Amino acid sequence: MAPAGVSLRATILCLLAWAGLAAGDRVYIHPFHLVIHNESTCEQLAKANAGKPKDPTFIPAPIQAKTSPVDEKALQDQLVLVAAKLDTEDKLRAAMVGMLANFLGFRIYGMHSELWGVVHGATVLSPTAVFGTLASLYLGALDHTADRLQAILGVPWKDKNCTSRLDAHKVLSALQAVQGLLVAQGRADSQAQLLLSTVVGVFTAPGLHLKQPFVQGLALYTPVVLPRSLDFTELDVAAEKIDRFMQAVTGWKTGCSLMGASVDSTLAFNTYVHFQGKMKGFSLLAEPQEFWVDNSTSVSVPMLSGMGTFQHWSDIQDNFSVTQVPFTESACLLLIQPHYASDLDKVEGLTFQQNSLNWMKKLSPRTIHLTMPQLVLQGSYDLQDLLAQAELPAILHTELNLQKLSNDRIRVGEVLNSIFFELEADEREPTESTQQLNKPEVLEVTLNRPFLFAVYDQSATALHFLGRVANPLSTA
């Protein structure tokens, strides 16, 4: 009998094959039974709703109320426990949700460059955070709002029957599994190569009631959910209060502008993600090195250097190269560099699209000496703007039917994703002997001009981050 891991990998390959059957504007992936309600759960829901009392509600504490700091180590330990308890179906569901998040992430990323204006800077987007934020709102949505959110998430439905509806609890649990699978790998050899923390802030106008089942459901996605109330009538002051609160609680660099909000806004729904990846066997160079923003402009930036046997491929036809640097057995950093800096936009269009992972099959092992910038990036973006830019249904600018979130009048002011992304050296264990540097078969790869990157985890088929670095010192 084949090992369970082999069987799981084979099934994931089948899912990937189905994923290629996308048509038109909407992506169709099978089998959807992994993420929708089945007849049994529909019957349970019907019985529970019959004569069900009103959901208990509460008013969030004021934003100035004292709050304990987030314990990131405890968060990582919880994710490791989540991963350890996954059965085969849970892992398949995580892979399914990972692919759905990839498709949505590519769709949004492919339309956002002009909106962000990142030609001379650096930025990072998390497909899983985008998907998680919209799935969280779906948890609180009803009727037409729920229909449109389900369509954006990539799961079609045939009718209004319960068995065609996305199961938000399954999806949010799967998203936590996706995070757990990434983090747990770095613990296998007692080395925490990867850190991934997610915090949700639910900021409401004073007096607005939140439903307890909604907030409890968010804990399936992340155990740190922070409901707080504040006055939105002075938007600059409100944004400053939210930033100050989140930085005090997390210690991360965050960004909240409330640019899309108005004085009658009653809700800001914000997702904050911190990623830290350690480059095994890499070291920080003693002196900053030149990074060429364009043919005539350079900046001095901290650089990492390391050597190892990495997967690599150079596309002579489209003039770009890809280097895959492993974090763990199944998680890696993908580095994509145009041969000519002026081709960054073209290469971005070629590689960051729905079938882009196909070129990973062309990678082959090479002994490489790699030099690249140390990355500390912060990116904040309002999903309302990104959905509009991607020509997806612009449902977040209007009054929504979020009656599973609150019975009060809801007017969404902001749906923020804030990413704090760090890439640093881990000098505990060299990947290869540096004595090999002068051997002719060693390929020198130096990322000293604009490039793209992605963090990919094969175990959940999930692209956790997509990024563009035109200037490591300037972030969007």
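Glycine residues also receive a Cβ, built from the backbone N, Cα and C atoms like all the rest.
Partner cysteine of Cys42, as given in Swiss-Prot, is Cys162 (from among Cys162, Cys256, disulfide bond). Of the candidates Asp25, Asp264, Swiss-Prot records beta-decarboxylated aspartate for Asp25; the remaining residues carry no such annotation there, which does not rule it out for them. Shown are the glycosylation sites Asn161, Asn319; the one with the most C-beta atoms within 10 angstroms of its own C-beta is Asn319. Distance from the CA of Cys42 (disulfide bond) to the CA of Asn161 (N-linked glycosylation site) is 9 Å. Here Asn319 (N-linked glycosylation site) is positioned 52 angstrom away from Cys42 (disulfide bond), judged by their C-alpha atoms. Fewest other C-beta atoms within 10 angstroms, among the glycosylation sites Asn38, Asn295, are seen around Asn295.
Proximity to Asn38 (N-linked glycosylation site), judged by a C-alpha distance within 10 Å, picks out Cys162 from the recorded positions Cys162, Asn295, Asn319.
Asn319 (N-linked glycosylation site) sits 49 Å from Cys162 (disulfide bond), taking the Cα positions as reference.
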